[in-house]
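Report on the following structure.
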């Protein structure tokens with residue numbers, strides 16, 4: 001009886017789909033990449049109106065209580081601070097003394113916080129250490145230490161477990177008029193809050209000494225606030241600093257009172273923080289307000305906090321809300337043309353069905369794209385746009401509110417009105433945050449602003465990133481399959497020989513040829529890590545200009561790459577057969593594409609904006625990379641077009657070239673200097689921006705590997 005053959009089981013649908021995508025990887029790549037670019041261009045059209053998610057905030061539900069009395073007291077502080085600048089023989093600590101005196105007169109707690117300036121010298125471990133863990137500068141004296149003045153109001157209706165922080169940076173050596181105004185606004189609301197009975201959270205007012213930078217002063221205070229202190233050994237001994245004795249002249253000269261001013265006082269867990277600044281530029285028509293929210297590595301505060309400020313400023317206090325834009329895009333003709341196309345398509349769709357809300361005016365599209373590009377850029381760079389970024393390092397929602405008056409700071413009548421409006425704005429925000437029973441959590445933490453009243457959430461703009469990187473694994477699998485099939489073809493062409501153990505070993509080794517490509521990809525990425533560490537050895541060299549440092553960095557990078565090429569063997573060697581070289585570049589591109597996919601996905605976890613912008617260049621390089629020799633031999637239009645595209649893309653995607661082209665678009669080619677790239681990279685590592693690591697360990701290695709593919713001797 002003949003044995004019946006068992007029917008072959010069909011592969012699962014997901015497996016069949018994977019095989020289909022791999023076999024049609026070119027078509028799939030073109031569709032996905034084009035859709036990803038289109039999704040980026042359509043983001044302004046998918047923006048939605050901002051709204052306040054947390055009902056407990058209730059902005060504007062209560063009448064303001066700030067009156068002319070608090071404004072008058074704030075004006076006295078402004079006069080005293082201005083008078084201190086014109087007084088001859090005044091010490092640099094006179095402003096701290098005045099602030100402490102005013103805070104003490106209100107009945108609030110006051111203390112000084114001393115901190116030491118820290119060095120921004122590059123250190124590789126700073127990327128993985130606690131926030132602001134810089135190196136304390138040597139030879140710090142009493143006169144060079146920074147001194148913050150801190151006032152605390154204990155809430156009468158609370159147990160001291162939560163607090164709201166107000167920050168006003170100023171330079172005590174030479175306090176400008178706009179800095180005195182910001183101090184006046186903060187003092188007016190601080191004076192009011194000492195009298196109210198509805199306060200449910202402690203209020204902390206930090207007058208930050210910004211001589212060494214606004215961020216440094218706030219970050220130093222936050223670090224000490226969240227770090228238990230068991231002694232005073234790390235601080236400069238105040239008894240040995242005769243220069244700082246002026247800080248205590250307003251108190252009776254008792255040791256216990258002097259110690260109380262130097263004791264670090266704390267309030268509760270910080271619910272939110274507001275940095276209050278007054279711009280030194282005046283507006284011609286009306287008072288304006290700008291909100292800065294970007295923190296380190298693309299972190300953003302809860303959107304509800306920004307919405308509260310915008311709502312109260314525009315609808316309660318009459319401020320004109322301004323937002324950052326990428327100004328060169330406003331004059332782009334191709335962007336205006338694209339906006340007109342989208343506007344026409346939107347009109348046609350609405351004519352079919354009025355309920356289909358698609359499309360927007362061309363002018364609104366251009367303006368929204370410029371705003372979205374600015375928001376995406378500032379998040380991608382990973383550098384805080386203000387001292388509020390120090391709070392976000394401790395997962396505290398914070399923003400910088402910068403007000404611009406429409407008057408000269410010396411006009412008293414308008415100054416009183418400006419302090420009143422600014423104070424009432426801050427009062428409204430404090431009232432809303434005071435209503436919260438828990439931390440901000442209802443609204444979004446990942447978003448891009450399109451205007452002051454529109455935003456794009458992460459659920460929308462992550463689609464563009466997913467479409468951009470989706471072709472990478474499919475192309476890698478397709479190339480790997482192609483290289484393996486070419487290996488099998490070679491084996492079929494070769495004449496059959498008697499089987500022996502040596503032949504089996506050779507066949508086994510052929511199936512592992514992809515390890516050579518994987519080894520090369522690993523070593524090039526290791527070289528990228530070495531390049532990222534080189535500034536650690538270059539920075540200590542004294543008296544070298546940024547241009548010289550850039551040249552040294554480039555030469556050392558080339559030297560290390562040449563050494564690794566000699567150790568591994570040059571990929572341009574031609575000792576192998578043509579078929580083996582074709583198989584080699586296919587494996588190399590498959591491994592490069594896989595590494596790029598992993599690097600972009602990892603970067604999206606750290607800073608999504610950086611990954612989204614980087615994906616546009618890296619994915620383009622990986623998809624188009626093809627040996628120039630094969631394209632030139634083919635000689636047809638498709639091959640020559642691909643070769644030309646590879647050359648242009650390889651030039652543009654080189655990190656220094658990308659930087660200079662971007663800067664030229666903003667400032668013109670006349671302002672370009674070779675040392676600018678070093679200065680920019682120095683800024684990235686000084687702020688512990690993960691974008692520095694991305695450029696050195698993901699983007700640059702992928703560029704080098706794609707260049708090796710282009711120059712491969714097939």
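Easy rule for this one: first residue shown is 1, then count along the chain.
Every residue, even glycine, has its Cβ placed from backbone N, Cα and C.
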Exercise for the section: For the transmembrane segment entry in TrEMBL, name the matching range from 432-457, 458-483. Expected result: 458-483
Problem - Positions whose Cβ lies under 8 angstroms from the transmembrane segment (21-48), at least six residues beyond its ends - result: 338, 342, 346, 358-360, 364-365, 368-369, 372, 448, 450-451, 454-457, 460-461, 463-468, 470-471, 474-475, 477-478, 481, 612, 615-616, 619-620, 623
Completion exercise
Top stretch by Cβ pairs under 8 Å to the transmembrane segment (520-538) (candidates 458-483, 585-609, 615-634, 686-711) is 686-711
Completion exercise
Near the transmembrane segment (615-634) in space but 6 or more residues beyond its ends, with Cβ under 8 Å, are 29, 33, 36-37, 40, 465, 468-469, 471-472, 475, 585, 589, 592-593, 596, 599-600, 640, 642-643, 645-647, 649-650, 652-653, 658, 698-699, 702-703, 706, 709-714
Completion exercise
In the same chain, residues at least 6 away from the ends of the transmembrane segment (458-483) whose Cβ sits under 8 Å of its Cβ atoms read 18, 21-23, 25, 28-29, 32-33, 35-37, 39-40, 43, 46, 444, 446-448, 513-514, 583, 586-587, 589-591, 593-594, 596-597, 600-601, 604, 608, 611-612, 615-616, 619, 622-623
